[in-house]
Amino acid sequence: MPQTQDALPLPQKDNVVRIPMLVVDVSAGILSKTFYTVICLIFACLLVYWPVFTHDFQFKWDDHWVVMNDYTEGGFNSENLGYIFTEFFHGQYAPINELFYLSLFSLFNYNSFWFHTASLLVHISNVLLVYFLIRKILTSSFEFSSVSIFRISFLTALLMAIHPFMVEAVSWLSASKCIICAFFYLLSLHSYVSYLRNKRIWSFIFAIVFFILAFGGKEQAVTLPVCLLLLDKVLDRDFSSSKIWFEKLPFFCLSLTFGIITVYSQAFNNEGLLSSQVQYPFYQNAVFATYTVSEYLIKCILPIHLSYLYPFPSLPGSPLPGYLWIYPFVLVLVSIAFWKFWKQTWILFGIGFFLIHVSLVSNIIPMSRYSIIADRYIYLGAVGIFFLMAYLYDRLIQDKPNLRMMMMPILMIYFMSLGIYAHQRCKVWHNSDTLKQELKITIKSRSDYNDWLKKNKEPID
């Protein structure tokens, strides 16, 4: 098939089979390498997350109403499905995620083993989708050797597989919206890159359909059109072409519609932008945003002191603690100092992917939540930082090959530390009692929890 002007050139190989969302090289060597890579990533996930197979429901931490509700028990009939797709539930609109619960309940009743197994399978699928997506993007750029493509793709996916930041979204059933949304979001990105390569209309349609399904999982999917523009940028498409903007029109229209639905769903529960609750002033939200971005970034690289709750440092109407003012100044100074560094194509991709996803949970937009950050909110955005880390490591050992041997043990220690910490974090989510024990320990070491407890009169004992 002749290439259209905007189509990305496809790798010229005689042994390539193309299907709408994946490009598969059928040569024995590549298939063998891909097979062992997939097995390795699956094994890494199982090694970290095997405790989830014995996890119970979090009866005191949202599972009792998010998972166990009339929608879940209502069955696959027109009346219940109508409610799922047309009603807001506790300020949320996530019909695809509710169908996830409904399907599991219909098959296994409230058997926590199958619910947690299904969540882990979705996470494993997301890890594999990240591997193939990064590989496809880098291959499409024609800037990387096959060794670099494999190394960057594998390390990015491996970080997602074993990073402690991912544990909350996988181990807590009420947070399954994050992994369900990520699954369809990644499929949409896959389809879009395939469309750029082959210009087949079905790939474009798949991208739109998966976008809609991603929003049905969680509202954070509204960022996808901006992410598509980021892909256009790193794949060197011509932004002066009207075709790029015309392609994005259905995505931005859907995103606007989804945004309106989200605002009204939150208002239905007196939350979000239209909430009548006492809010922080904008300047405080702006400071919180710099703190949030910094914390997410630091914890992606060095995940320490992870917790179920990270309460706001001050209550609405109270002055900000002095130390928070350091964050905006440091963030601005770092951005200026490394401006040329950020502008490099693939560094821009990693940072951009991260910031696009963090933007909605940075607290610039009031979220009506007790936590200033949450591990589950960074589930997909962290992929940008994981990619950046893998890319910089690849560049380092290419520019300074003499460091390769020295970096290997450092890399192994780092990955082992992540895996062990993630495994331990997974055990914390065994049930409500084990989670409560962590909260007791955290409260003793962090004074900001006292304000949260006083405000909400939350019993811990």
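Note: Cβ is positioned from N, Cα and C throughout, glycine not excepted.
Note that the coordinates shown come from a computational prediction; the quantities given were computed from them, not determined experimentally.
Annotated transmembrane segment per TrEMBL: 35-53, 113-134, 146-166, 172-189, 201-217, 249-267, 288-310, 322-339, 346-365, 377-393, 405-422, in sequence order.
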Counting Cβ pairs under 8 Å to the transmembrane segment (346-365), which of 35-53, 146-166, 172-189, 288-310, 377-393 comes out on top?
377-393
By a Cβ-Cβ criterion of under 8 Å, what residues six or more beyond either terminus of the transmembrane segment (377-393) are in contact with it?
130, 134, 151-156, 159-160, 163, 165-166, 169, 178-179, 181-182, 185-186, 220, 296-297, 299-301, 346-347, 349-358, 361, 407, 411
Do at least three CB pairs under 8 A connect the transmembrane segment (172-189) and the transmembrane segment (201-217), leaving out pairs fewer than 6 apart in sequence?
yes
Suppose I define contact as three or more CB-CB distances under 8 A, residues 6 or more apart in sequence; do the transmembrane segment (146-166) and the transmembrane segment (172-189) meet it?
no
Intrachain residues whose Cβ lies under 8 Å of the transmembrane segment (172-189), provided they are six or more past its termini:
21, 57-58, 61-63, 66-67, 92, 94, 96-97, 100-101, 112, 115-116, 119, 122-123, 125-126, 129-130, 133, 206-208, 210-211, 213-218, 220-221, 224, 227-228, 231, 376-377, 379-380, 429
